[in-house]
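Visitor: I have a structure here, written as structure tokens, and I will follow up with some questions on it.
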Amino acid sequence: MAPGPFSSGLFSPPPAALPFLLLLWAGASRGQPCPGRCICQNVAPTLTMLCAKTGLLFVPPAIDRRVVELRLTDNFIAAVRRRDFANMTSLVHLTLSRNTIGQVAAGAFADLRALRALHLDSNRLAEVRGDQLRGLGNLRHLILGNNQIRKVESAAFDAFLSTVEDLDLSYNNLEALPWEAVGQMVNLNTLTLDHNLIDHIAEGTFVQLHKLVRLDMTSNRLHKLPPDGLFLRSQGGGPKPPTPLTVSFGGNPLHCNCELLWLRRLTREDDLETCATPEHLTDRYFWSIPEEEFLCEPPLITRQAGGRALVVEGQAVSLRCRAVGDPEPVVHWVAPDGRLLGNSSRTRVRGDGTLDVTITTLRDSGTFTCIASNAAGEATAPVEVCVVPLPLMAPPPAAPPPLTEPGSSDIATPGRPGANDSTSERRLVAAELTSSSVLIRWPAQRPVPGIRMYQVQYNSSADDSLVYRMIPSTSQTFLVNDLAAGRAYDLCVLAVYDDGATALPATRVVGCVQFTTAGDPAPCRPLRAHFLGGTMIIAIGGVIVASVLVFIVLLMIRYKVYGDGDSRRIKGTSRTPPRVSHVCSQTNGAGAQQASAPPAPDRYEALREVAVPAAIEAKAMEAEATSTELEVVLGRSLGGSATSLCLLPSEETSGEESRAMTGPRRSRSGALGPPTSAPPTLALVPGGAPARPRPQQRYSFDGDYGALFQSHSYPRRARRTKRHRSTPHLDGAGGGAAGEDGDLGLGSARARLAFTSTEWMLESTV
């Protein structure tokens, strides 16, 4: 059945085009998106990307890394970064022409192992460094024309010396090239160096360039071309025709003389090179000038030093020699002994042909020869130099004694005269010998006239190298330092003097000596100064610490001894007051407070009760009641000031006695309660006369002054304690009154009481 007009076969592609369309669809589906305003052609197996005149400021980062050909021409890319072409191992052709590239990062093309053509022309490159083109091992075409390149490093082309075929460095500012690297480009076909500032080509540069077919040196500053077998290939005969070679060197200021005669003899056509010099050949076509006119002029010396130059020994002298010729001659100098002079520590030849001798010697006396040479010949001119010797300080003796021949100045020379002479050896003395130094002495050398200096030579038995020391002629001793310990040394002293017969410096052996240095010192060496200082500091610190510890121990022992003595004194005698265990005070009707106070060292007299009759005890209680009422009245009259008496037990009393000794306590109303029993020990203020209270010394326990009294309770004499007017009942408790001597009448029993400030405490608060 034939297909209808609307059959699906009308919309299906032809069978022959189906594989091609599938291939295009597969390539498009696998490829990355094309950068904006760029044209991408993904025709397998080639991926081409064209981004010309798109205004790019840098290399787009979205470029497919599988691209084979990339053209980024006519943009504004200013720099090539390291990451711009990273991992583009399939890139074969890269064009960056007509941009503003001024910087190329090191290793920017390191991943382009398959790159064959690199176009960087019409940019702003100023130099080509050795690390910029690294990694281009398969490069065939390198186009760097129309830049601002002034310098090309010698290692810039090392990566592709054996593979490059086309090198273009035209329209730059090059004054020189690494000609040695260019000579190793064995596969080079085209070398374009036109419109630069090159003025010299190294001889033998093109010897190995057998495949070179085009050399363009147009518009440079070349004056001549070195003869090279490269230019003679087209003239060689034989069954094999020569390789065609095109050499262009027009626009150079060629100097047409005999040095370019080899080039004139070549058969060339349609070349319009002209001559710039000499004057009679200016602006004439190079190939139209007859060979007879390519002439050279031999050198002519136009200026030289006078026929004779006088100079004092040791001073400098300059010998001038100028020559003219075509080509410009080169000047050399020859010494009086026939040596060709060059630049050394004593002589220097300038570029204009002047010879400078910085230090003249007597051997410089004679005729120096100036030689000027070029391709046409050479010219010579002699210059005589007369060196005047230095005058001697003392005139030589009229008849000097006969001397042996001057010996060698080297101690290592065998058979030196006087070296083994016993007389000379006795003249030299080695004194003050140590492991690293020795002092050498020798007598004055009167028979030798005009001694300039002494030379000391010595070497070790384990080392054949000589050590030289030059010392003044006035010295007769020399200290040799830096010697090795335990070694044998040979030492000789030589006198350097003026030989009157030859007018040259001569040497004579003064004497020789052999000695052996002392052995190594003991392995235990004294401590160095800084170590010794540290040890002294540690020792002094230890002494100080030990002294402090001893002082502390003594203080502790003393404190313990005195503490034990005080306790024994308290327990055994009545001269030391007992330690206070409680302090009872009352202020303005407040409750009793207790505080501990340190014992006072003051001595008081204590009155102990031996036997108290019942009648006396009743009278004492009656007197207490009377005094209590009087105290209440006085307290009210003083504006609320109150006084309290506390009976403090001593350490000798037992617990029951302490409870029995507790004195009457004052109630909230200010009345004293009756005592439970008579106290065996009473703490009273010494002295019979009552004392007026001192308001300026009153203290109050209302605040936190209890702690103050505890930490700062200093002992006070009983006579400084003020008696309160509320205590007269203590004076009459025994039926008697206190006398001037402090005795109290207690019936038939009288005793002496010792009072302490801690056993009787009086407080008065206003």
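Note that Cβ sites are derived from N, Cα and C of the backbone, with glycine treated the same way.
Quick paste from Swiss-Prot:
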REPEAT    66-87  repeat 'LRR 1'
REPEAT    90-111  repeat 'LRR 2'
REPEAT    114-135  repeat 'LRR 3'
REPEAT    138-159  repeat 'LRR 4'
REPEAT    163-184  repeat 'LRR 5'
REPEAT    187-208  repeat 'LRR 6'
REPEAT    211-232  repeat 'LRR 7'
DOMAIN    252-298  domain 'LRRCT'
DOMAIN    299-386  domain 'Ig-like'
DOMAIN    424-520  domain 'Fibronectin type-III'
TRANSMEM  537-557  transmembrane segment
Visitor: List, by number or range, the same-chain residues at least 6 past the repeat 'LRR 5' (163-184) whose CB is under 8 A from its CB atoms?
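Guide: Those are 121, 137-157, 190-202, 204-209, 216, in sequence order.
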Visitor: Do any residues, 6 or more residues outside the repeat 'LRR 4' (138-159), come within under 8 Å Cβ-to-Cβ of it, and if so which ones?
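Guide: Result: 97, 113-130, 132, 165-175, 177-178, 180-182, 185, 192.
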Visitor: Please list, for the domain 'Fibronectin type-III' (424-520), how many residues fall into helix, strand and coil according to DSSP.
Guide: 4 helix, 56 strand, 37 coil
Visitor: Pull the DSSP breakdown for the repeat 'LRR 1' (66-87) and write it out as helix, strand, coil residue counts.
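Guide: When I sort the residues of the repeat 'LRR 1' (66-87) into the three classes, I find 0 helix, 5 strand, 17 coil.
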Visitor: Can you name the far-off residues of the same chain, 6+ from the ends of the repeat 'LRR 6' (187-208), with a Cβ under 8 Å from a Cβ of it?
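Guide: Same-chain contacts beyond the flanks: 145, 162-177, 179-180, 214-223, 225-231, 248, 251.
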Visitor: Write out how many residues of the repeat 'LRR 6' (187-208) are helix, how many strand and how many coil, based on DSSP.
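Guide: Summed by class, the stretch gives 0 helix, 3 strand, 19 coil.
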Visitor: Restricting to the same chain and to residues at least six past its boundaries, which positions have a Cβ under 8 Å from a Cβ of the repeat 'LRR 2' (90-111)?
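Guide: Distant contacts of the repeat 'LRR 2' (90-111): 47, 65-82, 84, 117-126, 129, 131-136, 143.
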Visitor: Going along the chain, which residues at least six beyond the ends of the repeat 'LRR 7' (211-232) come within the CB cut-off of under 8 Å?
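Guide: Tertiary neighbours of the repeat 'LRR 7' (211-232) are 170, 186-205, 243-255, 259-260, 262-263, 266, 276-277.
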Visitor: In the domain 'LRRCT' (252-298), how many residues does DSSP assign to helix, to strand and to coil?
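Guide: DSSP classes over the domain 'LRRCT' (252-298) add up to 16 helix, 9 strand, 22 coil.
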Visitor: Residue counts in helix (H, G, I), strand (E, B) and coil for the repeat 'LRR 3' (114-135), per DSSP?
Guide: 0 helix, 5 strand, 17 coil
